[in-house]
Amino acid sequence: MGKIIGIDLGTTNSCVSVVENNAPKVVENAEGARTTPSIIAYVEDGEVLVGAPAKRQSVTNPKNTIYAVKRLMGRKFTDPEVQKDIGLMPYAIIQADNGDAWVEARDKKMAPQQVSAEILRKMKKTAEDYLGEEVTEAVITVPAYFNDSQRQATKDAGRIAGLDVKRIINEPTAAALAFGLDKQDKVDRKIAVYDLGGGTFDVSIIEIANVDGEKQFEVLSTNGDTFLGGEDFDQRIIDWIIAEFKKEQGVDLSKDVLALQRLKDAAEKAKIELSSAQQTEINLPYVTADAGGPKHLNLKLTRAKLESLVEELINRTAGPCLTAIKDAGVSVANIDDVILVGGQTRMPAVQDKVKEIFGKEPRKDVNPDEAVAVGAAIQGSVLSGDRKDVLLLDVTPLSLGIETLGGVMTKMIPKNTTIPTKHSQVYSTAEDNQPAVTIKCFQGEREMAAANKLLGEFNLEGIAPAQRGMPQIEVTFDIDANGILHVTAKDKNTGKENKITIKANSGLTEEEIQRMVKDAEANAAEDKKALELVTARNTADALAHSTKKALEEHGASLEATEKEAIEAALKDLDEAIKGSDKEAIDTKTEALGKASQKLGEKVMAAEQAKAGAAPGGAAPGTASDADVVDADFKEVDDKK
């Protein structure tokens, strides 16, 4: 059985970890970095760039460079959060046929799952390069406050990337695993995980207990906001830069897509710098131009100003924290440790707010960028059977229920219920001889069903004719360990289990997933072909170069026919290298190798003659006595 890797699929950055010899290790990507920007670029020649290469070209290709796509996962186009992003993103967010939010690049319409799959493929490849074996299974993390649609979308992204997603786990829970596993003390402790990432905010209260030699991680409560993160902090800085520049220069940069991409990069850099400095300079020469010529941007941003710009965002994290504490049935005094997760928690003002909420300094011994991936890898080792001393008890973040008379949300499974869990409820008909019932399933905390997230409509058909209220229809809600809902129904009067039809109101159909899997496989095959072509070209190029050099130095000692044959083979190979036919390049490389065999022999003979040429010379690698210098040495004691 191969390794089950752990992947933190982040809004801004992603990370992959594996467990080796019982210890988790974060794997560096091909660029040598431990985290990979969650950025995907679709370039003109059809190539797809992922991570740092995509980020580097984003300024010149903003409309086809997709970032923060996690914010669109499992969302409808009409969602207020999506509508807000449409005005901010340089790329096109469009409405799919099923009403979902999709993106468009190079005239191709794509689901967020497809785009996320490109990041997952890079994470998969990173792990494979390190392990030296194929990876097919993974544990992928999601924000604790992700709903059913968003979790299902993440699983689908994994499938498109060629991964069997063994488990979806919540990011704060994964961070708690990373934090608590190496703690040797036997004392039970309650921890709060404050996770402010690139696009989402989560808080979980978790109890770590030692039960019969086993570490038990039990989530007591969770809360959050799936549309609050570092990207929003960046946007506040961008809005401020645009307003300041308009005041100074009278030019509105918000209409300039190329300028906006530069502003985004500058805002992110300024925010990071202000975590350690009190002031930073935002300097963008030639940011735009008008009739009067080019315009340059030069602004000073202080830490105090930044804090005033984002104060409202930081304050928004307090509500979910207080709710989570209340739902967990604990007081702030009961919480032993506060752990910070997510890059945005490096901001001093965020750390001050955490201290204010929980009444204690947050711990700094957890890497906020890597802890989630490490925890996912640990859970992977538990699922593969490599670790048997860890038990994870997670919860469902939002209540599940159905719409009943008057449009009321009747909760069947309340939020913060430990999963997996199952709940059954008996329903009946509202009219005589009613042949079918439609059960609308919702997820959320609002009293009226319509204000919550509609997960789907469950139709039960073929009910035997009877008076209203007589048929007994048992509906069972079953949440698996991934936090994903499954529904079954049974007509209790007949004892038959009737198959329920789930009319998913969003998400990808099985056909769409299969098509995207095939597309991804085709891309992988294309990538392999491209790599093979580059390798063949490099081999051919190296042979052509060395042959030309040898011909210049030793060509005079060849027969005229031999020299002509080599020159003809060189010409053929040069032509083949310009093309894209790998077979032709390989054939011509082989032909040149054969044609230049005699030349190779001449070169070898010349080298050997040169090596033995110097009479009375010292043998290679030895020195004559004349070169040796006698020296006295004295030992020096550094400690004096």
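Here the Cβ of each residue, glycine as well, is placed from N, Cα and C on the backbone.
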Looking at the candidate ranges 41-61, 272-292, 377-397, 608-628, report the one that Swiss-Prot labels region 'Disordered'.
608-628
By a simple count, how many Cβ atoms lie within 10 Å of the Cβ of THR200 (phosphothreonine), its own Cβ left out?
27
THR200 (phosphothreonine) in three-state DSSP notation:
coil
